[in-house]
Amino acid sequence: MAAQCVTKVALNVSCANLLDKDIGSKSDPLCVLFLNTSGQQWYEVERTERIKNCLNPQFSKTFIIDYYFEVVQKLKFGVYDIDNKTIELSDDDFLGECECTLGQVVSSKKLTRPLVMKNGRPAGKGSITISAEEIKDNRVVLFEMEARKPDNKDLFGKSDPYLEFHKQTSDGNWLMVHRTEVVKNNLNPVWRPFKISLNSLCYGDMDKTIKVECYDYDNDGSHDLIGTFQTTMTKLKEASRCSPVEFECINEKKRQKKKSYKNSGVISVKQCEITVECTFLDYIMGGCQLNFTVGVDFTGSNDDPRSPDSLHYISPNGVNEYLTALWSVGLVIQDYDADKMFPAFGFGAQIPPQWQVSHEFPMNFNPSNPYCNGIQGIVEAYRSCLPQIKLYGPTNFSPIINHVARFAAAAAQQQTASQYFVLLIITDGVITDLDETRQAIVNASRLPMSIIIVGVGGADFSAMEFLDGDGGGLRSPSGEVAIRDIVQFVPFRQFQNAPKEALAQCVLAEIPQQVVGYFNTYKLLPPKNPATKQQKQ
C-alpha cells in the first residue's frame, strides 16, 4: 500500500561558524537538501539561495516536504561554498553536512547539529539549525513595496537596499522568513512584487508582530542596517495602491546619537492582499489534466543502434537507458491523464520515404494521430521505429518545444485550470540550436507547460545545466527573462544504482509547484472546485 502524505512541513535552515574556504573574502554558502527513502541512494530535492561572503547564513528559502508518518524519511543537508555558475557540486568546496530524519526534526521543532565532513570528522566549529513547521494554512500575502530616501551608506555611490521580514517564535526569538532582491544603487527603490505564505509570515495570526529590516547590501557580506520597523498584518492589509501604508524606518543607534534624528527613510506598502492558493491536489482532484508528451533523441552521436556501444542498443533483456528513463517517468505521470493517450516524437533522424532530417516526427509515423496508448504504446512505437530510421543530426530541441507550446498556448485561452503540459525530452546531451531553444523556453515560461530533460550517456551536459534555471533566471538571446523556471534536467547515470522510483521522484519533484505556480499566477481555479463538492456532500 502506498504511503499517505499526512501533512506538509516547512523547513528553515541557518548555519553558524562555517569553514572559510575563500582567500581574501568569506565563503559563499548554499545549502542542498537530499532525501533518502530506501537503500543507499540520496537524491537532491532542492537548494537554498547562495549567500555571498557569510559564515553565519540565515537562508530565506524554505524547503517544503511531504511528511509521511509511516516512512523513515532520511534527510541530508549539505553546505557548499559556491564560486562558479555550474549546477554540479563536485567542483565546489564542501563545508560540511548533517544527516537526520524528518521525524527527528518534526519532533524537535528546532534541531541543531554539528556539521561533519565526508570522513565523519567535525567541519571546524560549523553547525546547522533546522526549524520545522507544519503547513496548515494555504493563504498567501501578495506584497508591493517601495522606499523613499533610505540612508545612503555607500561612500562613492548610492545604497543597494533590500528588505528582510522576520516573525517572532514562541521562545521570543526572531526568524527570518523572506528576503527581497537587492535594488542596486538606488535611494528610491521599488521591489518586485512578491508573496509570502501567511503561515510563514505570522503563523496566520493577524495581530502577531512582524519585524521588517532594511539593509544596504555589501559584496563583502557586511550588510549595513539602514533601519527597521514593526507592524502586524492587521495594519499591513490596510494598504492599497490608492492609499499606501507607510512606515518610518528607524535606526536605534542613530536615534540615540542624534537629537534631531527623524528617520532613516520611509517604507511604503502599496499592496498587501491576502489570497487563498489552490494546492496541486486541489487542481488534480478538481479536474486538471496533465498532458504528457515524449521527445526522443535519434541523432548520430548515439551511435549505430545495432552496436552494443550505442545508447539506443536494446540489450538481450529488452532495455536501454532511453527505455528505462521513459518507463520510470512515464509510469508515474500517466496516472494524471484520463485517456492515457500520449504523443511521442523523435528528432534528429532521417526518416522514410524521402530520408529528410526531421526534428519532430511521430514515432508511430502517423502525423495525423501521433498518440500512443499508454507508456507501453510509446515503448512499442520506439522499438518499431528504431530499425526504420537513420540516426543523423543536428540535435535541435526548439521544434519539439514549440510543437508542445502551440497546444499549451491554446489551453492558456481557457478560463479554468483544465490542462497542463509536460514534455519529456530524452537526449544524449550535445545540443545544437541553443539560442533557438533558449527563446522557445522563455516563450513557454508564460504557458501551462514544463520541460523535463533526462540526459543519457556520459556526454558533456553543460548546455542542459544552463537551460535548467536553478542557477538564476534563463534569458533569451535578446535578454528576455523566463518568468518561471520550467526546465528540470537530470543526468540518468546519477541514478544507475538507485531504486527504480528514484529517477521519477527527482525529475517530477518540481512539477507540482510549477503547476501551482502557473495557475496561481494567472488566478485560474480548477474546473471543479473540490471544496465546493465536499460541502454539498
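Positions of Cβ are set from backbone N, Cα and C atoms, glycine also.
The feature domain 'C2 1' is assigned by Swiss-Prot to 1-115. The annotation phosphoserine is assigned in Swiss-Prot to S14, S197, S243 on the grounds of similarity to another entry. Taken from Swiss-Prot, the feature Ca(2+) 2 binding site covers D22, D81, D83, D93, and the record attributes it to sequence analysis. Swiss-Prot lists D22, D28, D81, D83 with the feature Ca(2+) 1 binding site, giving sequence analysis as the kind of evidence. The domain 'C2 2' annotation in Swiss-Prot covers 124-247. What Swiss-Prot records for D154, D216, D218, D224 is Ca(2+) 4 binding site, and it gives sequence analysis as the kind of evidence. If you look up Swiss-Prot, you'll see D154, D160, D216, D218 marked as Ca(2+) 3 binding site. Swiss-Prot lists 291-513 with the feature domain 'VWFA'.
This view paints the features noted in Swiss-Prot onto the structure.
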residue	record	Cβ within 10 Å
S14	phosphoserine	17
D28	Ca(2+) 1 binding site	20
D81	Ca(2+) 2 binding site	19
D83	Ca(2+) 2 binding site	15
D93	Ca(2+) 2 binding site	17
D160	Ca(2+) 3 binding site	20
S197	phosphoserine	21
D216	Ca(2+) 4 binding site	20
D224	Ca(2+) 4 binding site	15
S243	phosphoserine	9
Model confidence over the domain 'VWFA' (291-513), averaged pLDDT: 90
Residue pair D81 (Ca(2+) 2 binding site), D28 (Ca(2+) 1 binding site) - Cα distance, angstrom, rounded: 5
Between D218 (Ca(2+) 4 binding site) and S243 (phosphoserine), the C-alpha gap once rounded to whole angstrom: 33
Between D28 (Ca(2+) 1 binding site) and D93 (Ca(2+) 2 binding site): CA-CA distance (Å): 10
Residues near D22 (Ca(2+) 2 binding site) in space but at least six apart in sequence (CB under 8 A): D28, N53, D81, D83
D218 (Ca(2+) 4 binding site), number of other Cβ atoms within 10 Å: 15
DSSP state at D81 (Ca(2+) 2 binding site), helix/strand/coil: strand
Spatial separation of S14 (phosphoserine) from S197 (phosphoserine) - C-alpha basis, Å: 19
Shortest C-alpha distance to D216 (Ca(2+) 4 binding site) - which of the recorded positions S14, D160, S243: D160
